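Each remark here refers to the structure printed beneath this line.
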Ligand code: HEM
């Protein structure tokens, strides 16, 4: 427990830290990686290059500190981040390292303004926040390891097949190298892949949604090829151009909270933009397999026909379902957007909606769904990349 005095120091200094947030986290990451270059095997270098992860980690520490009296209040956010951490193999021993460099960065940027008292208060608060994460992560690791065919951290897989789905999306079928099966997962979950790319000093990690319903034989991920000059493209270009059938790749256990409640039979709508279709495929296939009579809508936005993945698969599932509708809109064509009118025509606002796609796409769709009267608990969404705030109000 933190003392009242510590809590009041934390609360009064949060605004100061937020004001200097970028400076503190820039110093933090630079010093952290200078002292512990091995951590570059875990962190996403592209996020570093764009300064995105900097903001995510620090903002969360500050947000958690504000709720230090009642960390329960931010548990959903902790669980979501913990899933990402577990998928990346973050261990309890990493926390003191991050804590040490965060505190040193606060001291370095604030100088004399950061008194010993203030630094001690933040050390105590960080310790409590770290313990909350470590506890949740331990539970997730145990769950992953104890399920049938489960494991924790990374496991070696091989590429069993590679299938082109559209002009820029390729699916990879991944099987455990030891010939075993893969665990059952919830539709919508993701895995991390870890790769050594020839000529690069550090390993690369990326998360990809599983893009088919749980299947004991294999995982499937479907990867969009990013532009050559995008730092994020390093991995997707390598996967598209170099990684071949028979090659090895390391894979983590399925994780993530953006999942279909497959027990329900109430109306459900899947709304995706571009490669955001991948978790939807897993969810849609699961509905088709388990509850084919469930009222289901699949709305997809693609730029044009050549970039439109999975059309035939969706049509095949539709043929086995009794109450499902599917519509794709091409934004290169006039009226090619999922507008309010399209949503009103297709979405049953008494049910659940799952949304995945680029951030502006999701902001627009979520805004409309709320305006149509849907409640927070009915709207489920996930965006790719670090948790940046969505502007959906
Ligand atoms: C991702 C917070 C500790 C490594 C994240 C994200 C947040 C966050 C908000 C983004 C989540 C998302 O993308 O959905 C925190 C907080 C920590 C903490 C509040 C301490 C209490 C750590 C530690 C490590 C770590 C100890 C390992 C040394 C990572 C990595 C990512 C990540 C590798 C993925 C993003 C990237 O690679 O850029 N964390 N984190 N974090 N965190 Fe943490």
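Sequential numbering from 1, following the chain as shown.
Cβ coordinates come from backbone N, Cα and C, glycine included.
Curation plays no part in TrEMBL annotations; they are all automatic predictions.
The domain 'Globin' feature in TrEMBL is assigned to 1-138.
Annotation comment: TrEMBL describes 29 as site 'Involved in heme-bound ligand stabilization and O-O bond activation'. DSSP classifies residue 29 (site 'Involved in heme-bound ligand stabilization and O-O bond activation') as helix under the three-state reduction.
According to its DSSP assignment, residue 84 (site 'Influences the redox potential of the prosthetic heme and FAD groups') is helical. According to TrEMBL, the feature site 'Influences the redox potential of the prosthetic heme and FAD groups' maps to 84 (among others).
As annotated by TrEMBL, active site, charge relay system applies to 95 (among others). Using a 10 Å Cβ-Cβ cutoff, residue 95 (active site, charge relay system) registers 19 neighbours. Classification of residue 95 (active site, charge relay system) by DSSP places it within a helix.
Per TrEMBL, active site, charge relay system is recorded for 137 (among others). In sequence order, 82, 85, 86, 90, 92 are the residues near residue 137 (active site, charge relay system), counting only same-chain partners six or more apart with C-beta under 8 A. Under DSSP, residue 137 (active site, charge relay system) is assigned to a helix (H, G or I) in the three-state scheme.
The domain 'FAD-binding FR-type' feature in TrEMBL is assigned to 152-261. Secondary structure of the domain 'FAD-binding FR-type' (152-261) per DSSP (helix as H, G, I; strand as E, B; remaining residues coil): 9 helix, 44 strand, 57 coil.
Within 10 Å of the C-beta of residue 190 (FAD binding site) we count 26 further C-beta atoms, all protein chains included. Per TrEMBL, the feature FAD binding site maps to 190, 206, 207, 208, 209, 383, 384, 385, 386.
Positions annotated as NADP(+) binding site by TrEMBL: 274, 275, 276, 277, 278, 279. In the three-state DSSP scheme, residue 274 (NADP(+) binding site) falls into the helix class. Summarising the environment of residue 274 (NADP(+) binding site), the number of other Cβ atoms within 10 Å of its Cβ, over all protein chains shown, is 22.
According to TrEMBL, the feature site 'Influences the redox potential of the prosthetic heme and FAD groups' maps to 382 (among others). According to DSSP, residue 382 (site 'Influences the redox potential of the prosthetic heme and FAD groups') sits within a strand segment. Under 8 Å, Cβ to Cβ, and six or more positions away along its own chain, residue 382 (site 'Influences the redox potential of the prosthetic heme and FAD groups') finds 188, 209, 256, 258, 279, 356.
Among the recorded positions listed (29, 84, 95, 190, 207, 209), 84, 95 have a CB atom closer than 6 Å to some atom of ligand 1, in sequence order.
The Cβ neighbour count for residue 275 (NADP(+) binding site), using a 10 Å radius and every protein chain shown, is 26. For the pair residue 274 (NADP(+) binding site) and residue 29 (site 'Involved in heme-bound ligand stabilization and O-O bond activation'), the C-alpha distance works out to 32 angstrom. Neighbour count (other Cβ atoms within 10 Å of the Cβ, all protein chains): 30 for residue 277 (NADP(+) binding site). Other than the site residues 274, 275, 276, 277, 278, 279, same-chain residues with C-beta atoms no more than 8 angstroms from the centre of those residues' C-beta atoms, the NADP(+) site, are 209, 222, 224, 272, 273, 280, 281, 356, 357. In this structure the C-alpha atoms belonging to residue 275 (NADP(+) binding site) and residue 95 (active site, charge relay system) are separated by 33 Å. Nearest in space to residue 278 (NADP(+) binding site), taking C-alpha to C-alpha distance over the recorded positions 29, 84, 95, 190, 207, is 190.
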